[in-house]
Amino acid sequence: MGRYILKRLGISVAVVFLVSVISFTLVHMLPGDPAVLALGSEASEQDIATFREKYYLNRPVVEQYFIWISDTLRGDLGDSITYSRPVLTCLAERLPRTISTGLPALILSSLLGILCGIISAIRRGKFIDNLITFISTIGLGAPQFWLGIVGIYIFGMRLGWLPLSGYVAPTENFGQYIFYGVMPILILSFSLLASVARQTRSNMLEVINQDYIRTARANGLAEKSVIYKHALKNALIPVITTIGLQVRVVVGGSLMVEQVFNIAGIGTLIVSAINGRDYMVVQGCVFVISVFTILVNFVIDLLYGFVDPRIRKSWR
């Protein structure tokens, strides 16, 4: 097991390095001069030169990367060009808002998605199966920004049940957090739920038609026992991967949802940083998100062994 963990750690470190190189390169390929954008077109050449020197923009790109990655490995993501503050400070201010929206959406979509997938598989061909499949198709196909606009129009403008936009931290007022957060959380979880539900349904249909399930039924086991003790455990193995991949979907979806509902989270920070050519913020955000996503996938790889004994045996 130890050798397997070390192997996965090595792969994860290599992926983080590769992502850092690609993201750094892509960010520096954006058009526009960060110094001119930050100081304005009326800035003197001396001010622009000083600015470039401060942020190492006058160095070769390769040298800039090694300066940045060495500082990053020491826990210093640099200073924001736009906000003139450490990038870590910007992240610390915005990250809780994204987490308090994305984490409930991920948990809600995972639980409801698995439940809907099980029901859909058990009731295959019935009305409830067709309904869940239809809703899942909408969830996978409809853009989240469009769902957000529709939700605002119906529940905010027409019915007046929910606020049009805004955010309240759960630590400040939990009731207001629910009131302002219910719509963005539901919108963000909708497409995630659809993906998990379809994956669960597909896996359940494959598993319940296998010989050992037929044998369990022939031995007189109750249907609930067959489904939840035998079929579900094996069907959930690929679903775990799907849920792990949803972390990236949450981050990507937050870009849209935060813009629509005016939530000052990581999504809006990345968008504003790209528009302002704030290299340090974009690189810092991408690096933190990448490390977090890779860490989640690493944990999921370990969970495989506890869910599937066959994988656990391969560790030895």
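Every residue gets a Cβ built from N, Cα and C, even glycine.
Just so you know, TrEMBL annotations are computer predictions that nobody has curated.
For the transmembrane segment (9-30), the residues of the chain that approach it from at least six positions outside its boundaries are 61, 64-65, 68-69, 72, 274, 277, 279, 282-283, 286-287, 290-291, 294-295, 297-298, judged by C-beta separation under 8 angstroms. Taken from TrEMBL, the feature transmembrane segment covers 9-30 (among others).
Summarising the annotation, TrEMBL assigns domain 'ABC transmembrane type-1' to 95-304.
What TrEMBL lists as transmembrane segment is 103-122 (among others).
Under the heading transmembrane segment, TrEMBL lists 134-157 (among others).
Residues or ranges marked as transmembrane segment in TrEMBL: 177-197 (among others).
Remote same-chain partners of the transmembrane segment (255-274), defined as residues 6 or more beyond its termini with a Cβ less than 8 Å from a stretch Cβ, comprise 30, 80, 82, 90-91, 94-95, 97-98, 101, 143-145, 148-149, 152, 165-167, 183-184, 187-188, 281-282, 285-286, 289. Taken from TrEMBL, the feature transmembrane segment covers 255-274 (among others).
Same-chain residues lying 6 or more positions outside the transmembrane segment (280-307) and placing a CB less than 8 Å from one of its CB atoms are 1, 5, 8-9, 12, 15-16, 19-20, 23-24, 27, 55, 68, 72, 77-83, 87-88, 90-91, 233, 236-237, 240-241, 243-245, 247-248, 251, 266, 269-270, 273-274, 315. TrEMBL lists 280-307 (among others) with the feature transmembrane segment.
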